[in-house]
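Enquirer: For reference, the structure I am asking about is given below.
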Amino acid sequence: MLQVVVFFLLSAPVLSRVKRGAAINDDMYPSSLWLTSRPIFCCVSSNFDSYERENILYMVGFIQSRSCLHFQYSTDDRDGPLLVFSKVHSGLCHTNGIGRYYPKGFVGVYLTSQCIWGSLMAHELLHALGIEHTMKRRDRDNYITVLLNRTIESERSQYTKTDTAKDFGVPYDFGSSTHYDPYSNSIYDGEPHMIAKNPLFQYSMGLRNFYPTPAHSDLLLLYRLYKCHGRCSATPIFCAYGGYQDPNDCRTCICQEAFSGRFCQEPMIRQADGRSCGGPLYASYEWGTLAVVDFKSYSLCHWHLRTVPGERIEIDLVDVGPSNNELMDPMVILEVQLGKFVISGCRFYRREQLPRYTIVSAMNLAVITFKTVKNNAGYFRLGFRNERPKFVRVRHNYEKVGNSVRNIGHVHAIRQYLRRFTDEEKQNIAIITPYTAQKMLLSSQFKDVGRVNTIDEFQGDEADTIIISLPRRNLAFLHDTYSDVYNDMVNPRLVVMLTRARKEMILFGDDFQSEAKNFQPSINNFLETVETVLP
């Protein structure tokens with residue numbers, strides 16, 4: 001049972017701030033960890049009001065219930081470091097170290113009234129327990145680009161990678177409580193200084209004021225950091241969908257919020273407006289719709305989109321709101337998890353943030369989570385179906401380059417699609433397009449695939465997978481060169497496009513039907529053939 005009481009400090013010292021980005025030194029590790037063989041003594045300053053104290057006790061209890069750490073109030077005969085929560089009235093929330101090592105004999109967690117809640121407070125408590133900032137991980141360049149020239153000079157040290165920021169096999173999580181948002185330390189208002197390599201995750205970073213608890217990945221990292229699995233080494237169990245064995249009850253698992261059951265194998269069914277919400281939805285090859293039009297405030301629901309094993313879910317994100325959601329301070333969040341349920345999914349809260357192309361799960365399950373706070377109703381709408389991995393709609397305007405055209409929206413969509421392939425498999429992929437400017441764009445972005453050619457250059461060749469990039473609706477390229485010779489026939493470019501894949505072909509484009517009336521008969525042949533090959 002949690003034993004934390006308010007220990008009244010007549011004077012809560014505010015020490016000079018140590019860099020929050022100070023890494024765990026290998027020479028100090030694991031001495032920088034708190035002992036799990038005895039309680040962590042802690043105390044709470046008397047200048048917190050009752051509501052603030054309750055929040056602190058709740059967060060400490062939450063972490064205790066999901067780890068092998070135990071907390072106890074301070075006594076005069078305590079033996080060991082002390083964890084001190086102090087309220088400050090100016091400056092930033094901070095911790096005077098990473099982990100328990102500190103020469104003064106205590107670790108201070110200094111909180112202002114703006115961060116005595118939820119994930120904001122968890123951020124500092126996790127530092128005190130030994131967890132570093134996510135964006136300092138040694139592998140962070142695989143996930144984000146840090147633009148130091150846009151970063152406030154005094155804060156640049158917070159983004160220095162360190163080899164001592166250990167990850168213990170936990171994947172990089174944009175939604176971690178210890179990940180900064182991409183705007184707060186930017187020199188330019190509204191301009192991000194951190195860019196996600198995968199644009200689907202650009203708006204997942206740093207939404208700490210929205211979530212009441214640490215991210216699931218933070219809890220797993222804490223679990224591994226303190227070797228909590230050792231508590232259950234004699235009776236190991238399997239936990240599904242990113243769950244981990246409960247060190248306080250080895251018979252059950254600690255689950256990610258969208259899952260429930262002893263082994264995290266079931267959907268979490270929650271309440272909204274006094275009724276059950278969420279649950280499983282099954283995809284077919286026809287588009288289904290999931291929509292909420294008036295989701296009341298302070299609600300949370302999870303929908304599990306499922307299909308048969310071996311297939312995947314294709315999702316078309318259409319709308320999310322309300323439209324007055326503020327940047328980094330939203331009233332609703334739509335989260336889409338396509339796999340790797342141990343980490344946060346891609347998050348959106350404005351319509352303009354939604355991708356202009358369909359996205360695909362990594363397995364036969366995708367989880368949709370919708371959460372609202374404050375006093376506004378929220379809404380969202382999306383389509384879903386069994387993946388038809390033959391066509392991805394890209395809603396993005398092309399641009400002219402001399403006599404050619406290109407469409408940068410295809411870069412993001414194709415990059416997302418290529419994530420399912422290994423480096424070896426990518427060598428057997430060809431990307432073809434009718435436009436030279438598009439070929440030049442794609443060649444510069446996809447150097448890891450086998451070939452990038454124009455359709456004319458690719459004649460006579462084959463590849464296991466053919467990706468066709470048609471950057472605009474106008475399909476005049478099928479009509480201009482061959483119209484006289486192949487008036488009522490399937491022309492050679494169409495043959496190259498649709499017959500050179502040994503295993504699979506996928507088409508990236510938009511709504512061609514709206515342009516069909518302008519280019520007959522070649523367009524009719526194209527649409528009829530595509531309808532046959534890509535039903």
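Using the three backbone atoms N, Cα and C, a Cβ is placed for every residue, glycine included.
In TrEMBL, annotation is done automatically, which means it is predicted and not curated.
The active site feature in TrEMBL is assigned to GLU124. Residues or ranges marked as Zn(2+) binding site in TrEMBL: HIS123, HIS127, HIS133. TrEMBL lists 22-229 with the feature domain 'Peptidase M12A'. The domain 'CUB' feature in TrEMBL is assigned to 277-391. The signal peptide annotation in TrEMBL covers 1-16.
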Enquirer: By a simple count, how many Cβ atoms lie within 10 Å of the Cβ of HIS133 (Zn(2+) binding site), its own Cβ left out?
Expert: 24
Enquirer: DSSP-wise, what's the residue breakdown of the domain 'CUB' (277-391) into helix, strand and coil?
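Expert: Grouping H, G, I as helix and E, B as strand yields 3 helix, 62 strand, 50 coil.
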Enquirer: Mind looking up the mean pLDDT for the domain 'Peptidase M12A' (22-229) in the predicted model?
Expert: 88
Enquirer: With every protein chain in view, how many other Cβ atoms are within 10 Å of the Cβ of HIS123 (Zn(2+) binding site)?
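Expert: Taking all protein chains shown, HIS123 (Zn(2+) binding site) has 25 Cβ neighbours within 10 Å.
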